[in-house]
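Below: one structure, written as structure tokens.
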Amino acid sequence: MDQHSTTTQKNPEIGSATEIEASHPGESQSKFNAFLAHLPPWVSSNLTKPRSLKTLLRCWLASWVGFIIILPDASLNVLGSAGFFALLCSFFLPPNLPVQLFCFLMLTLVVGLCFSWGMGVAAMRAANAVRSTAHIQAVAAQIEQSIKSNPTFQADPSLALTTAIYNGEFLDTNASVIYGCFLGFFAFIYGLIRAYIPVLTFTSIFATIGLDIFCSFGPLIPTAEYTLLKTFLISVGCYTGIALITTLFVFPETMSHSALRTVCEQLERVERFVTMQGQLLETVDKETDEDAKSSLRSDLVQKLDGIKALLVAIMRQLNSTSGMISLEFSYGKWSSDDVKDLVDPLRGIIARSLGLESFSKLVRQYTGMLREHEKSARPTSNTARSTQEVSPLVQKIPDTYNDAHLLRQMTTYTLEYEHAHHLRIVDILPLVESATFELRNAIISAISATRTSLDNVNRHRWTQHPDVDAELMNELDHAYENLNTALKAFSENSENAKRMEFLKPFLALLQRQDGTALSKAEQEALPFRSLFVAFVLGTNLVSLSEAVISMMNIVRSTIAKRHKNRLWAPKGLRKIGKIFSGTGGSAEEADGGQAFGEDAIPSKVDQEEVGGVQGNSYKLDPDSRPPSNVLQKIMNKLHGLYHWCGTPEAKFAFKYAFITIATWIPAVVRNSANFYYEEKGVWALIMAQTTLNIYASDQVFNLVIRLIGTFVGAVLGLAAWYIGNGNGVGNPYGSAAVIAVFLPPLLFVRNFAPQKFLPGVLLGCATFALVMGYSWVDGHVVQFSSPGIGWSIAWKRFTLVIIGSTAAFIMMMLPPTSGRKAVRYRNALVITGLGSLYSFLISTWMSDAPLKDKSDSDSSSDAEQDNQKINEKDAMPGTEFVSTFSRPHLQSVRWLNNFRVRLLSLSDELNSLRQLTMTATWEGSIRGKWPAEEYNALLDAEGEMLVGLALLGGALAHLSDESRIAFMHDTRVLNPNLITDVMTVFSLISQSLRTGEPLHQVLPQSLVGRLLYHHYHHQHLHDGPINSSQRDGLTVEMISSLDYMFYATAIVAVFLVLKAADDLHKTTKNLCGEIPFQGFEKWRSQFEREHADRH
């Protein structure tokens, strides 16, 4: 919910040194940087960011004033006993956001309280209607008698009524049942909101608190007291006003300014991402120590992973808030819509830059394989057979009979051939570094110039600097021209193209020494693996260049038409419901809106047509046919409801309602009502509700961090109270001073701590606020039941937190919902989705129908820009590849939208699954150790496969229809038998994880080996006449074309998928087991070796 806590989740791989640059040289600065290096990244980075410190100051001022308003007796008398609620709200929703977004989030809190107030009024009205009048009259008579016999009551007759009320004398069973029904029903609704719409968690929590208070105190009161929540709403209103004032006048920031600043920060990260590709290429130097190079490459890959995580996390946050940019007033040269127009092209830039990560991993794994082979190389036959499609990821194969003999042979032959002809990756990458140097530098310069221009627009919203603007515009134009020139020099289809530098060593192999062309069979012996790896970098740089040019076109045109600062009005209030529901127009806007159930919420692809057929129409009910009459339809709906009641989300909602009633009952039992009221039993009720989680692992993790947070908050609260007030009832000057000192560290942690620690942080801050607030209120407001001061508040708070958490823990165990089982089920679903996406892309590749509209190739520049916005709308980092500012045949890729939606859905599920896997380790190891390493290996393999599928989709998007169809008959990855094997492995792995059943040993151990087997088996079966498409081999013109570079990237992408599928297969066998087939592997190994030797 909190945007700052989301955006500041820095990846541990990105040290503070990469985020912080020394601004003042000197020894003191070096010591300061050394000190920062020992701090967590989220601490060190935010300690040195001016924007973070400004935000902290704003939040500190709002919280401090929120506490100051209860110090004067005049204001405290108005605020009442709940006056501390303003300080509490300042921790839950600090003003760390732009004013427009803060207003919307604060509105959710107020709406939740007001809704529960309304439901509480309805419950009170219904309960009073069923109260026994005779019982009320009897209690009134008893009160009159007690006044006559008790001198204290005679002095203050109203005290007798108050005592009777809070002793439970007016409790009525019928009224209590009404309150219980209201409380239970709406607790169930609020539980569903927490389970299915996590973005409304704060709304659910505050709505629950309001209803808890109304239903806990309402049954005690025999009359209509509809203003029970008045004091809470007054305090919330005061804090809202304070927060709005500080947001508007203390370092104010509009959403437009915040978004543009985020765009600049993202561009700086992309710039660093591209720069590190050059550093990676420089590590491949044959003259340096190999161990040192390997360590350096590993460090670079880890840093790239860290930057990738940060790019994706912040881009997702920008996506989720970009829909509200146009809903505010802003002042500056650019309107909010101008800033919003940058989100789509930025998304494309980040997507294409993340594609570079696949190249870095290929280099790391390929060089590692090469080192292992050189260390354990053995003499082999001089026969040098290879293939231009051998996977760049095939690692050194151990001598076990579980692996294909043919694959081991091909790997050994390929490595030796590359070594003999100096075509290893260490030989080729220096050429790649030289060939891409110009283009990489042009990209870096273009991004830097764009970032500088945008930063200038953002910084000078109130001032005019025509000279600076003109100079920056000239730099932007110069960088734009340089990038276009470098891109043309690299991608043009001519002998002078820069990419020919790393192609030349391979072009010489296509011809014999006498100048005649090699046959197709001889060409298949050529080692093109290093070339294909180089092609991956080339295609990604071309795609990234196109995306940067796309953004620069928008920036240049906007700067050209926006010369003066002015006031911009909002355009309208649209899509607010989607923002709150978490089901916005794009999948990334729905981040956090998906429940963590065993069955994922159906993705958008299930509601959209896929090839003219509804995606969810394939599944049939094996136990019954579709209902054909009204009665069957009704029963079918009831059957669906019955199954829904068994889902983790439904169980959570039922448990939420049950524990609410269970911890509420003592409040309406006459013998315990007074104790419940005096000891603040409602705190235990609230803690039980907020601590309850869907899965046992989440429950244990949250229990631990909440108890730690409560303890720390109590200690800090006690220290602050006694330092500022001593043993008295409260010193206003001491309290104001001490809380001013204690607030900054608390708010720093609240604003910038990682999201996973937020529950504990909130409980610690809330405990601090309760200790300070309740202690002051108790010393200055006359109350029927005194909660105490200082220590009395702290130990009661901690005890009630333990009671509520224990109740939630017990409820979680009746019965527990295993997060580990959910991890296994969700992995099965993700693998099914990956298999479906693989089949979709392969089907697209094999399609005879054109994938692009030729009529669009002559479209105007304006039409191209409109088409670009449509194609890139709702895209997510890592999944968008098409740029219309590219070659003419890249227009209107009609299948890409469906591909993007599928990829987005899988990416979202992988992100949530990683979090679920992390928390699943907290369930303990009662029945045995949970194999967390294997499940993390599954996630890694699924992530690698997603990268491969994204790379494949991008390559297909760039291929012309003519080249795609021409190459289709020359590639082995489209062998129907291989496709059958791949889909079989996908299906069986998913089924094994879903059911827990073991896999059979006879399944293919290596899909790459199966690819080679099917190819050579097909060749020997069809030695007869071949068609014209098979008669011609590669030519110099063909391999030099840009289309072939993207085709080669598609081949590498498929091998990435096959390698990841093999890893999934191996890990699943380790998890679920393997059914042996006695003698099969020995016979298969012998059979393959014999038949391979014959050929």
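Each residue, glycine too, has its Cβ placed from N, Cα and C.
If you look up TrEMBL, you'll see 60-93 (among others) marked as transmembrane segment.
Taken from TrEMBL, the feature transmembrane segment covers 99-122 (among others).
If you look up TrEMBL, you'll see 176-193 (among others) marked as transmembrane segment.
What TrEMBL records for 199-220 (among others) is transmembrane segment. Sequence-distant contacts of the transmembrane segment (199-220), counting only residues of its own chain at least 6 positions beyond either end whose CB sits under 8 Å from a CB of the stretch, comprise 1, 92-93, 105, 108-109, 111-113, 115-117, 119-121, 123-124, 127, 165-166, 168, 170-172, 175-176, 179-180, 182-183, 186-187, 190-191, 193, 228-229, 232, 580-582, 592-593, 660, 664, 667-668, 673, 676-677, 681-682, 685-686, 689-690.
Residues 54-55, 57-58, 61-62, 65-66, 69, 78-80, 82-87, 89-90, 93-95, 97-99, 102-103, 106, 109-110, 113-114, 117, 210, 213 of the same chain lie 6+ residues outside the transmembrane segment (232-251) yet bring a C-beta within less than 8 angstroms of a C-beta in it. Annotated transmembrane segment per TrEMBL: 232-251 (among others), in sequence order.
Among the features that TrEMBL reports, compositional bias 'Polar residues' is placed at 378-390.
The feature transmembrane segment is assigned by TrEMBL to 531-555 (among others).
According to DSSP, the domain 'Integral membrane bound transporter' (678-811) comprises 110 helix, 0 strand, 24 coil. The annotation domain 'Integral membrane bound transporter' is assigned in TrEMBL to 678-811.
Remote same-chain residues near the transmembrane segment (703-724) are listed as 687, 691, 731, 734-739, 741-742, 746, 757, 759-772, 775, 789-791, 793-795, 797-798, 801-802, 805, 808-809, 922 (criterion: CB distance under 8 Å, separation of at least six residues from the stretch ends). Look at TrEMBL and you will find 703-724 (among others) tagged as transmembrane segment.
The transmembrane segment annotation in TrEMBL covers 730-750 (among others).
Within its own chain, the transmembrane segment (757-777) has Cβ neighbours under 8 Å at 2, 5, 67, 70-71, 76, 81, 83-85, 87-88, 91-92, 690, 702, 705-706, 708-710, 712-714, 716-718, 720-721, 725, 730, 735, 739, 742, 746, 749-750, 783, 787-790, 793-794, 797-798, 801, counting only residues six or more beyond its boundaries. Sequence annotations record features per position, and here TrEMBL assigns transmembrane segment to 757-777 (among others).
If you look up TrEMBL, you'll see 797-815 (among others) marked as transmembrane segment.
Per TrEMBL, domain 'DUF2421' is recorded for 816-1074.
Annotated transmembrane segment per TrEMBL: 827-846 (among others), in sequence order.
Comparing 99-122, 730-750, 797-815 for CB pairs under 8 angstroms to the transmembrane segment (60-93), the maximum falls on 730-750.
In the predicted model, the domain 'DUF2421' (816-1074) shows an average pLDDT of 73.
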